[in-house]
Each structure stands twice: as structure tokens, then as C-alpha cells.
Amino acid sequence: MFNKQTNAIVLLFTFALFATLAVATPTIVARTGGSGSSCPTTDIKCCSHVGTFSEVQGYIDDDTKVKLIPALLGLLGATIDVVLGVVLGVTCSSISVGSSCSATTVCCENVVFNGLINVGCTAIDIL
């Protein structure tokens, strides 16, 4: 159906697309320490699962959405140092002050995939 020239163009386009994605993909750098004293209201999240990677691992086997997390982190080239205890928030949604959260309210430093994975989270109380 396709001739050799069309196949070559499709192959070249596919290669260029993946090369562009590899270069343009952000790298997550999980911070440790920090002041942790303030959280902009735009960064407040309500996460279904919060914990270190090993703590969240139990949910990865049970929750269909969460099964993709190791693969997504691998694609991003992210390295999460389990020894440092970097806290992840999984399947999070943005909330505003005064809103309720039936799960865990957190403030996270890095948000990936529109809240599917959040890195460097700290639990907070919304009054």
C-alpha cells in the first residue's frame, strides 16, 4: 500500500518525534530539606495516595491508574532516591483553600502528568 519512499518518511518522522520528546522531556529533581514553611494556594493538592515510593508501591499493584507510575517515571528519566525518603503524591487534584479533601491534603514541589505523579510532597492542614 505504501511505497518505500513513504515508509522512509514515516520512519524518519517517527524517529524525529521520539528524539524531540527525549530532549524536551523534563527531568524531575526531588528536593530534600527546604523551608517547607509556605505553600502557594495554587500548589495545594488532594492526593489519593501519599508516601515514599516503597509505601506507595502497595497501591501500585491495586490501582489501575497507579500501575503506570514506575513506567512514567522511567520515561521521564527521573531518579527517586528511596533512601532519602522522597514523598510522592499519587492521583492528585488541585483544590482551593476552603475546599474539602477526602484523602490527603499536600503541597508538592513538582507536578507531573497533571497530578498523576507529584514529587516532594508535604502533608498540610487546611483550616
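Yeah, the Cβs are placed from backbone N, Cα and C, and that goes for glycine too.
Per Swiss-Prot, the features are as follows:
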type	residues	note
SIGNAL	1-24	signal peptide
DISULFID	Cys39-Cys107	disulfide bond
DISULFID	Cys46-Cys101	disulfide bond
DISULFID	Cys47-Cys92	disulfide bond
DISULFID	Cys108-Cys121	disulfide bond
Nearest recorded site to Cys46 (disulfide bond) by CA-CA distance, among disulfide-bonded residues Cys39, Cys92, Cys107, Cys108, Cys121: Cys92
Most Cβ neighbours inside 10 Å, all chains, among the disulfide-bonded residues Cys39, Cys46, Cys121: Cys121
For Cys39 (disulfide bond), the three-state class that DSSP assigns: coil
Residue among disulfide-bonded residues Cys47, Cys92, Cys101 with least C-beta crowding, 10 angstrom cut-off: Cys101
Cβ neighbour count within 10 Å of Cys107 (disulfide bond): 19
Mapped DSSP class for Cys101 (disulfide bond), helix or strand or coil: coil
Of Cys47, Cys107, Cys108, Cys121, i.e. the disulfide-bonded residues, those within 10 Å of Cys101 (disulfide bond) when Cα atoms are compared: Cys47
For Cys107 (disulfide bond): DSSP state (helix, strand, coil): strand
Under 8 Å by Cβ from Cys108 (disulfide bond), counting only residues of that chain that are 6 or more apart: Asp43, Lys45, Gly89, Cys92, Asn118, Val119, Gly120, Cys121, Thr122
Distance from Cys47 (disulfide bond) back to Cys39 (disulfide bond), taken between C-alpha atoms, in Å: 16
C-alpha spacing of Cys107 (disulfide bond) relative to Cys47 (disulfide bond), in angstrom: 10
